[in-house]
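Novice: The annotation GTP binding site is assigned in Swiss-Prot to LEU10, ALA11, GLY12, LYS23, ASN51, ASP69, ASP99 on the grounds of sequence analysis. The Mg(2+) binding site feature in Swiss-Prot is assigned to ASP99; the stated evidence is sequence analysis.
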Amino acid sequence: MSSQIDAVILAGGMARRMGGDDKGLVELNGEAMIKHTIDRIKPQVKEILINANRNQTRYAEFGFKVISDEHTGFLGPLAGMITAMGQTDADYLLVVPCDCPLLPTDLVPRMLAAIKAEDAEIAVASDGEYEQPVVLLLKPSLRDSMKAFLEAGERKVDFWYAKHHFVVESFSDQPNAFVNVNTPEQKQRLAMEITK
């Protein structure tokens, strides 16, 4: 039996390093950053949720359900994940950031295969050198664990998943897959990369 997989695109941060600009809505080669992300993951999942804590009306224009953190105060990616986990009845939830326009087109099948091979609860993507803590495939049933972790004052995603049976799936064959945009300079470099 095939697994049902939904996705959440995290666009709920404050983007301090981008001068406060909403990263998902910043244009890259004529399209909003989040549109590049949507195009990469849409063929791989059933439903997409967008986690946003500002500009919700603009995000809704992309045609997907927009959800805001149930824990207020910009508490980081865990808050967005918790909210999304409560909004899906899928077997797995794919978590990706809004500012990774080169995500692998085989992200879900490889991460799902890694989970099943190890009978794990979570798959974490890696670029071959570093884990990508906000590129995850996980079971929504882990929501209570994540919620307790956040409510205890913790914020680091990797500290949370280290408490569970997780597997790392390397995408070293796609070294630019997880390049993201945190500064205007990175945006300029990435725009050049995409046009190559």
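Placed from the backbone N, Cα and C atoms, the Cβ positions cover glycine too.
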Novice: With H, G and I counted as helix, E and B as strand and the rest as coil, say where DSSP puts LYS23 (GTP binding site).
Specialist: helix
Novice: Could you tell me which of these binding-site residues, ASP69, ASP99, has the greatest number of Cβ atoms within 10 Å of its own Cβ?
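Specialist: Result of the Cβ crowding comparison: ASP99.
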Novice: Compare all C-alpha positions of LEU10, ALA11, GLY12, LYS23, ASN51, ASP69, ASP99, the record's GTP binders, and send over the largest distance in angstrom.
Specialist: 18
